[in-house]
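Asks: Not my notes, these are from TrEMBL:
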COMPBIAS  B:233-247  compositional bias 'Low complexity'
DOMAIN    B:20-108  domain 'PhoU'
DOMAIN    B:124-208  domain 'PhoU'
REGION    B:221-247  region 'Disordered'
């Protein structure tokens with residue numbers, strides 16, 4: 001293969017890798033701002049997140065096309081091919097993270113029609129801090145092609161799942177205490193679920209980094225700690241036996 | 001290009017297209033069975049949906065790799081390239097539909113700890129029938145490369161959104177009437193949201209078919225009818241002014 005083609009392939013790869021980092025930064029800011037909009041009832045900020053999602057979608061579509069053209073033109077093999085395929089997968093996860101940020105932003109109005117105790121919103125803020133930290137960590141691991149750091153990100157997702165489970169339980173209890181909380185808490189439940197999903201996408205990205213670097217899939221699925229799918233909460237003061245969390 | 005290579009590319013394309021149809025059938029059955037498990041409190045059926053998701057994930061990963069290798073080896077252009085890129089996108093949507101079916105299946109235990117009025121579960125059943133119908137329609141449009149039929153699927157997604165909005169409102173009202181309904185209704189809310197998302201993925205597939213056939217993106221986004229992100233419901237009998245639906 002002559003020097004010129006090699007260099008040009010490298011340029012294309014560098015372009016793709018740089019775009020992934022840019023998209024990662026955009027997705028991260030969307031999540032930060034959507035949660036900030038939720039906490040501060042900032043509808044203007046929420047709207048700007050919704051608008052940014054269009055840009056992130058377009059960036060993903062463009063990266064996809066670029067990556068596919070690179071594969072068709074350069075026919076890369078082994079790690080080179082994994083780099084491009086990995087970039088397609090990561091940009092897909094980043095686009096979905098942006099979607100989840102947008103979904104949170106869209107709930108800002110409903111959550112604040114009734115004033116909620118600051119404690120509940122703080123729980124969501126703390127959950128989002130964990131998720132954003134995971135996202136930053138996995139984007140750094142991508143830049144450094146550090147598959148061990150990526151593995152640590154995957155393992156830390158348990159913490160997000162555990163905190164989501166606790167917020168889910170708290171929100172349900174709060175709804176039962178006073179039916180006036182039900183509307184807002186429902187939207188907070190969906191927001192919390194969206195943040196928990198952001199953690200899952202950080203995990204996907206970690207697994208893709210591992211695949212790019214090693215050519216292997218990461219060892220078997222870690223146990224999931226989000227047990228809310230089977231969770232019920234007893235009505236306070238009701239005679240019914242507490243249903244427990246199904247954990 | 002010699003005849004042999006052309007014929008072999010066609011074989012690879014046929015293989016990929018056939019696998020997409022198989023994956024579509026799997027995803028469709030997963031959704032049908034998850035909703036059936038929810039309606040009949042059939043935990044065994046729910047577990048089989050969770051198990052099937054592993055197979056669908058593996059099928060998607062395999063199709064992805066196969067499609068990428070075809071691009072690298074054959075360097076297809078124009079509609080041939082769009083066929084392969086489209087297959088990658090559609091298999092991604094089908095995998096996510098399978099995930100959503102799995103999520104519904106995982107809620108089967110929690111929903112049935114307390115008996116729910118059949119009316120609520122019927123609403124979800126009817127919503128799922130619409131979503132499955134959309135999925136069948138779009139898979140047929142894919143086999144026939146019928147971009148007009150695909151467009152009709154995209155336009156019909158409004159019905160799913162409208163019905164989801166009505167179920168969301170109904171579930172919230174029901175939670176307010178009796179706090180003992182809150183746990184189960186929360187899980188039904190998440191299940192309904194999952195079904196609404198299945199409709200969105202059918203829409204994505206419709207847009208991909210249009211792109212494969214025409215090389216163009218479908219005309220600008222249809223208006224979304226899922227207005228639940230800003231919806232609140234007034235507490236029955238409370239003195240507070242009804243918050244309305246924010247629509």
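The backbone N, Cα and C atoms fix where each Cβ goes, and this holds for glycine too.
Thinking about packing and proximity, how do these listed features fit into the structure?
Replies: Averaged across the domain 'PhoU' (B:20-108), pLDDT in this predicted model comes to 93.
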Asks: Would you mind splitting the domain 'PhoU' (B:20-108) into helix, strand and coil residue counts from DSSP?
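Replies: Counts, helix then strand then coil: 83 helix, 0 strand, 6 coil.
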Asks: Counting by DSSP secondary structure, give me helix, strand and coil numbers for the domain 'PhoU' (B:124-208).
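Replies: Once the DSSP states are binned, the domain 'PhoU' (B:124-208) shows 82 helix, 0 strand, 3 coil.
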